[in-house]
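What follows is a single structure, written as structure tokens, with notes after it.
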Amino acid sequence: MSDLNSTLGAALLGCLAAAIFYGVTSVQTLIYFQGELRDGWKFKSGIFALWVLDTTHMAFTAHAIYYYLIVNFGNLVALEAPIWHVTSGMQINIYITITSDLIVRGYFARRVSILCGRQRPFLKRSLPVLIAVLAVLVYIPGLGYASRALQLRTFERINEVSTYLYVSFVATVAADSTIAISLCALLFHSRTGIKKTDSILRILMAYSINTGLLTSVAALACLITYALWPQKFIFIGFYFVLSKLYVNSLLASLNARSSLREKNISYSTPGIDVGPALTTLHFSMQDRSLPSSYGTATKDESGPKGLNTCDVDQGQHHRSEDNTG
């Protein structure tokens with residue numbers, strides 16, 4: 001067993017970081033359910049389920065740290081081998097992490113598919129499939145690692161499951177990078193030339209970068225630290241945080257819709273309670289009615305005089321109903 005600074009010390013720091021991100025997740029979840037967005041009950045149930053999974057993950061993580069640092073304080077023998085209830089808890093943690101990550105990646109794959117639109121049929125089929133394949137390459141090795149973890153008699157034998165870890169971490173970096181690059185590229189090519197619309201697209205691109213960047217960096221940190229120090233728990237500290245980043249990235253993108261509404265902009269997130277497969281940016285413009293190659297600008301006779309309404313369909317060249325009310 002390596003020194004405590006790089007084993008239990010690293011795990012403790014990871015647990016503290018995970019607790020901070022769990023607090024952020026809880027606040028984000030509360031903000032989401034207090035919002036006025038018209039997501040269906042199934043989607044809201046899924047968000048609540050993700051929060052429950054994240055809470056369970058935090059509880060088992062804290063239990064493992066408490067057992068080794070408090071219950072067995074000074075007992076070096078207890079540090080040599082994992083006991084069944086700690087191992088079972090960590091096994092459940094792995095199941096929770098890979099399941100919540102799979103759900104979040106499925107949501108972003110759906111968003112990529114919608115943004116591709118009818119004008120990009122090849123990308124509409126290929127990009128979601130690529131993301132799905134990479135997500136499966138993360139999920140299956142995670143299952144293998146979790147099932148083998150219960151059989152490990154000592155922490156030194158963790159190298160017996162190194163293949164599962166390497167494949168999972170590499171696929172995680174690839175999947176998250178693909179999602180971030182795809183979203184940014186599609187949003188960039190959806191620019192309309194209308195200043196107000198393009199400013200919103202830049203905001204969405206920033207959210208997309210954050211979606212993939214933080215999780216990719218965390219997964220890359222797991223990969224590098226495990227490759228360099230397989231007998232230390234530094235990679236476990238990063239892994240504790242990983243699932244929290246996925247849930248937070250999803251909630252941040254959902255709650256961003258409210259902040260856009262506060263700026264007189266109504267943004268219907270792809271894949272959420274929108275009838276047609278559209279992404280609609282709806283905003284008012286003073287005394288203007290502009291056509292766009294990525295959407296249509298039509299005068300709204302029902303609104304106040306002098307105000308026109310512009311519906312911009314990202315990636316699709318046809319008129320849509322305003323689903324945001």
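Note that the numbers count up from 1, one per residue, in the order the chain is shown.
Quick reminder: no glycine exception, Cβ is built from N, Cα and C everywhere.
According to TrEMBL, the feature transmembrane segment maps to 6-33 (among others).
Residues 8, 11-12, 15, 18-19, 22, 25-26, 29, 32-33, 78-79, 83, 86, 89-90, 92-93, 96-97, 99-100, 103-104, 240, 243-244, 247, 250-251, 254 of the same chain sit 6 or more residues outside the transmembrane segment (45-70) yet have a Cβ under 8 Å from a Cβ within it. TrEMBL lists 45-70 (among others) with the feature transmembrane segment.
What TrEMBL lists as transmembrane segment is 90-108 (among others).
Look at TrEMBL and you will find 129-146 (among others) tagged as transmembrane segment.
Residues or ranges marked as transmembrane segment in TrEMBL: 166-188 (among others).
The domain 'DUF6534' annotation in TrEMBL covers 173-259. Averaged over the domain 'DUF6534' (173-259), the predicted model has a pLDDT of 84.
Per TrEMBL, the feature transmembrane segment maps to 200-227 (among others).
Per TrEMBL, transmembrane segment is recorded for 233-254 (among others).
TrEMBL lists 290-325 with the feature region 'Disordered'.
If you look up TrEMBL, you'll see 314-325 marked as compositional bias 'Basic and acidic residues'.
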Spatial neighbours of the transmembrane segment (129-146) far in sequence, C-beta under 8 Å, 6+ residues away: 91, 94-95, 97-99, 101-102, 105-106, 108-109, 112, 161, 163-165, 167-168, 171-172, 174-175, 178-179, 182
